[in-house]
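Right, one structure below, let's go through it.
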Amino acid sequence: MGKQRVLSGIQPTGDYHLGNYLGAIRNWVEGQNEYENYLFVADLHAITVPHEPKQLASDTYTLVALYLACGLDLTHSTIFVQSHVSAHSELTWLLNCITPLNWLQDMIQFKEKAVKQGENVSVGLLDYPVLMTSDILLYQADKVPVGEDQKQHLELTRDIAARFNHLFAKDQPVLKLPDPLIRKEGARVMSLADGTRKMSKSDPSELSRINLLDTPEQIQYKIKRCKTDPIRGLTFDDPERPECNNLLTLYTLLSGKTKEEVAVECQDMGWGQFKPLLTETTINALKPIQEKYQAITDDKTYIESVLRDGREKAQAIANQTLSQVKAALGYLAPV
Ligand code: TYM
């Protein structure tokens, strides 16, 4: 039996942070030998909210370089840009026509983002989960490694796939139902400014997140300023201390220690002792990624060749699924 297939992606909207790394990229890298991986830059998703055209291409390029710098290995992983494979847009249209509107109106992320935009909410924002569904189903993915915030989108993906198979491919299912792969630790990294909100690119405060390309000085400054509490002795899982739980979790994941080891190490610490420790650990964990990023990012020819290869491999699979979907829907095949 061949390897199971993994698919996942990140939006190129600048400021890639520890949440993206610990909730997604790091898990892709750790599991990559086990799977056949398709990892992409979700640039079509990036325009569902107002965006800056001058930034889109460079944010996309940076994210590809970061994927490589974080350790994605091209012998196991195919890296590509979503907009380079037109099947994503085409399948979205086809699936739009079988997706009930109220399934999309119920999406938590839509409701949250729509509130922020008032009257300017685009159809694209509402339709975003169908695009994400297409991303996944095109590759017949078995597993989708993501952070906790994407769980509802994956449930919708399964619902749409099942509905399609039921309506148009009863005898022989065309679309595979994927399973989410959400790790317990790191699936929900919280903001440094408020331990009850998730760390996010769209938070207007830079102090709320640590970015993968932050300098040691920036990291030190952000950790120094991050929200804590007045209690001495640091503990996990106290609902009254969300910041404490978040910072200890970050320390655990970035140091490679176990939760039990960290619980013992930090049980008598005050913040004055813990913050420098977290700062040093974060700087050291990000250093190899940043060094590799610097080496890769200037090599435009290499990045272009990675994306050319990626596009070809991705297109081959995506176009095959698209043809099967069109055939099931009854379209006349081109000659
Ligand atoms: P995006 O770009 O918002 O986030 C990319 C990945 O990072 C995870 N993540 C987090 N994990 C833990 N803690 C956090 N604070 C945190 N913030 C973000 C996300 O869960 C995600 O795994 N819709 C997706 C992109 C996408 C996609 C796909 C993913 C488009 N098509 C197909 C998987 C499969 C998104 O906006 O992720």
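Think of each number as a place in line: the chain as shown, counted from 1.
For all residues, glycine too, the Cβ spot is worked out from N, Cα and C.
It should be emphasised that the depicted structure is a prediction, and the values quoted were computed from it without experimental measurement.
Per TrEMBL, the features are:
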BINDING   Gln11, Pro12, Thr13, Gly19, Asn20, Gly147, Glu148, Asp149, Val189, Lys198, Met199, Ser200, Lys201, Ser202  ATP binding site
MOTIF     12-20  motif ''HIGH' region'
BINDING   Asp135  L-tryptophan binding site
MOTIF     198-202  motif ''KMSKS' region'
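Sequence-distant contacts of Lys201 (ATP binding site), defined as residues of its own chain at least six apart whose C-beta falls under 8 angstroms from its C-beta, comprise Gln11, Thr13, Gly14, Asp15, Tyr16, His17, Asn20, Arg209. Taking the motif ''KMSKS' region' (198-202) as a whole, pLDDT averages 93 in the prediction. On its own chain, Asp135 (L-tryptophan binding site) has Leu7, Gly9, Phe40, Ala42, Gln82, His88 as residues at least 6 apart in sequence with a Cβ closer than 8 Å to its own Cβ. For Thr13 (ATP binding site), the Cβ neighbour count at a 10 Å cut-off comes to 20, with all displayed protein chains included.
Same-chain neighbours of the motif ''KMSKS' region' (198-202): 11, 13-20, 49, 149, 188-192, 208-209, counting only residues six or more beyond its ends whose CB sits under 8 Å from a CB of the stretch.
Close contacts with ligand 1, defined as a Cβ under 6 Å from any of its atoms, occur at Asn20 among the binding-site residues Thr13, Asn20, Lys201. As a whole number, the greatest separation of Cα atoms within the ATP-binding residue list Gln11, Pro12, Thr13, Gly19, Asn20, Gly147, Glu148, Asp149, Val189, Lys198, Met199, Ser200, Lys201, Ser202 is 19 Å. Glu148 (ATP binding site) carries a helical DSSP state (H, G or I).
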